Every structure is written in C-alpha cells, then in structure tokens.
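Input: a single structure, listed below in structure tokens.
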Amino acid sequence: PRVCVVGSGPAGFYTAQHILKHHGGAYVDIYEKLPIPFGLVRFGVAPDHPEVKNVINTFTQTARSERCSYYGNVTVGRDVTVPELQRAYHAVVLSYGAEDNRVLGIPGENLSGVYSAREFVGWYNGLPENRDLKPDLSCETALILGHGNVALDIARILLTPLQLLRKTDITDNSLAALACSKVKRVWLAGRRGPLQVAFTIKELREMINLPGARAVLNPADFTGLENAVKDAPRPRKRLTELMIKTALEKPGEKPVEVQAVAAQSPREWGLKFQRSPQEVLPTPDGRRVRGIRMALTRLEGSGDSAKAIPTGDVEELECGLVLSSIGYRSLPLDPAVPFDTKQGIIPNSSGRVEGVPGLYCSGWVKRGPTGVIITTMNDSFDTAQSVLEDLQGGVLDMSPSREGFGAVESILRSRGVRPVSFSDWEKIDAAEVARGQAAGKPREKIVDPAEMLRLIGH
C-alpha cells in the first residue's frame, strides 16, 4: 500500500511512524509546503525549551526509513490537488495543522501594535511568513490576551535577560529587536478565573523563577480558592496552590540575590482575571494602540465549563503592545475535502473523513488546535490505526495501479514545481548548525525560503 501524509509536523510524522512500524509493506510519502520539515516543533516550541525539540530525532529516523520519502516545497491544494493525491495513493492523511489564528472580533484590533500570538511566535522562531513582522517594542507595558502556555511563552521571551536568549536558537533578527525592547511590564489577561487557566505548572514555575522579573499576583483574586480546589484533579490543585503561594509571598521572602536583581531591573509580569477585551483604544492620531478597554466578568458555573458573563463594569488598561493569544485555527485545504468552518476541523470519525473513503486526518485539523506534542502523538496513532484497519479489512481499493509519487511527480513537473528531499533538508540543517556554532548557539535558522533553495542548488 502507498500512503500519503500531508504536513510534516508532529501529526504527520507520528502518523507515518505508526503506519511504517505496524505494516511491513507500506510506503509513506510526506508532503510539506515549506522546504523544511517539523512544523510547530520548529516554529511553535519556544527557543528556550530545546528539550521539547528532541522529538525531531525520532522524526528524522522515520524520514530516513527506506519506506518513507519527504517532499518539501509542495503546496497541496495548489501544486497538486487532494483528488490527484487520492488517485495516486491508496490512502491520504491530512495532517496540515492550523495555519491561522482566531480573531478577537473587536474594534481596533487592526491598529498598529496589535499582533496575534501566532505571528509573534512565528517571528521569533523564524517562520518564513512572519520574518518581516518588525513588532514595535518601544513601549513599557505589553498586554497578552489569553492564559495558555503560548501566552506564558511570549511573556517569558519578552522579559528573559538577553544573555540567556543568546544561547538559544531564537532568530538573529528577533534577538536584535529584543535587545532594543523597552518592554518591562507584561500583563496576561483572561476572561475567566484562576481555576480556568490553561497553562501548566511547569511553564508557570519557569515564569515565577525568571531572573530579573517579579511576579505581581493580587491576593484578592485567590480568596477562598484553597477550599474550592480541594477536590480538583491533582494537576489543577498544584497549579492553583503555586499561584496562591506566589500571590501571598512577601517581597522579603525571596533569596537576597533574587531581590538584588529585581531592584536593579524592575521588570514585572502579572495575571489579570475575569476581564474580556471590548475595544483596542487608539492614540490621538488614530494609528497606534494606546490601551485596551476590558469588560469585567463574573463566572457562571464552575470548573472548566464556567462561562464568563459581562457585569456591565469596564476598565481601561494603558499598553503600547497587545498580543492576542486566544488560539489557532485550521483552514480548508481543498474544495474536495469536507470542512466544518464553525469548529475549524475536518468532520471525521477516528480520523476517517466523513463521506470520503480513503481520506483521513490527524492532529489539530482533526480535533481542533489544543494539546501538546504528546496529545498529538496519541491522536495520530489513533488515525494511523484506522488506516491500518481499513487496509487490512479490505475497505480500501488496493488495485495495484496506484503509483504514488511517480504519478504526482509528473503533475508537479508540468506545473513547474520542484520538491525538496529530506537529504536536501539535511544540507540546510547542517548550514544552520554551522552558522549557529559561529555565534555560540545551537543553530542560526535560515528564515528565507529562497535562500534555503539557493543553498541546495534548486
């Protein structure tokens, strides 16, 4: 059987890995629109979290299997359609993730100084489409809308001392911009309360221990929560206890050297709860952001299902930088593929696309843009299992006339598209690592696709 996977992020690679491991005769081809693989492992994971990127080693082993091929620089839906892939392969798995962000839907969100978390993270992680972002970091106060791990990542990158960032694979360009940054205060605002935050304890602890930055949590936000959290699941209980401890900590309780650092660089960050953005406020010339008006909310219900209802009260917060971290969004890929625009997913059952035999999906486009790499791994194994069952159960047309890449290659050639192989990527990888060594960092990412293609003689 010939199987094709669209997208080379964690979902694509884990799907391929599972099929190759459990079917000794299957061949898997992975298509990717960028010349370079690994999706959000490369472009989403924070530069100061190198250990999370170790999964790249596993993906590299998969890509080097003699039954696996990688074709970068191929945009499915444009360079080759999904029906064309279906004619060339016995099974096609869509694992192309979420390439857009959810919008706030409020006045002023298009003002200069307002960015989505997705583009800001893409900018400091070297995602080609965001390389020219040039975010304005000339203000003292930044506001991040959202209480997830991505929001904490951004706050940490904005406040981390430069000498620590210099040792990471953050791009040269963003390092230079952060070196001139005036931002010294970062607020993270969410519509709901401390019991509904979506970040995890590891990320929170890292933020609390960030050198030279002080956590500002209001003790009043946590009144009575010790009791409320008694019966909560252990991760939620520990997370809440850490926030309470941080909120109640007196300035004198920190070690002396931490206090000394805090005194000389008064950077700070804090969490604001039960605030829903209503309008981004412009400067007098109407061009830039000067602040945000937020509705105060009260919670109806409890736990994860609690809803934020506006109370009628509002408050204004001065800030010159707004980053909206309210989630990613998948987009439809090809008119031939069913798509639920409301939920932003491909309708499916265990990864089998509804009404289209032989078509599957995995990852964020299957279940929505939530969860970490391990969630995506389990989800992709689940889809791969569906593919294997259908291959073995005779559900799929196994007529031998499927040529796989042989058929696709002639289509691409007729359209002037030249794919990039995995060994081409390894040349780009080696060049990045060499440039990084010269600068004392793990790699210096190449952010321009044209430069990548020149490097491999394309």
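Cβ atoms here come from the backbone N, Cα and C positions, even for glycine.
On the 0 to 100 pLDDT scale, the domain 'FAD/NAD(P)-binding' (2-158) averages 97 in the predicted structure. Residues or ranges marked as domain 'FAD/NAD(P)-binding' in TrEMBL: 2-158.
As annotated by TrEMBL, FAD binding site applies to A11, E32, L40, V76, W364, G371, V372, I373.
According to TrEMBL, the NADP(+) binding site annotation covers H147, G148, N149, V150, R191, R192, E203, G371.
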Cβ contacts of H147 (NADP(+) binding site) (under 8 Å, same chain, 6 or more positions away):
L188, A189, G190, R192, Q196, V197, A198, F199, L271
Inter-residue Cα distance where the pair is V150 (NADP(+) binding site) and L40 (FAD binding site), in Å:
12
Recorded FAD binding residues, A11, E32, L40, V76, W364, G371, V372, I373 - maximal Cα separation rounded to whole Å:
25
Which has the fewest other Cβ atoms within 10 Å: A11, L40, V76, V372, I373, the binding-site residues listed?
V372
Using all protein chains in view, find how many other C-beta atoms are within 10 Å of the C-beta of R192 (NADP(+) binding site).
19
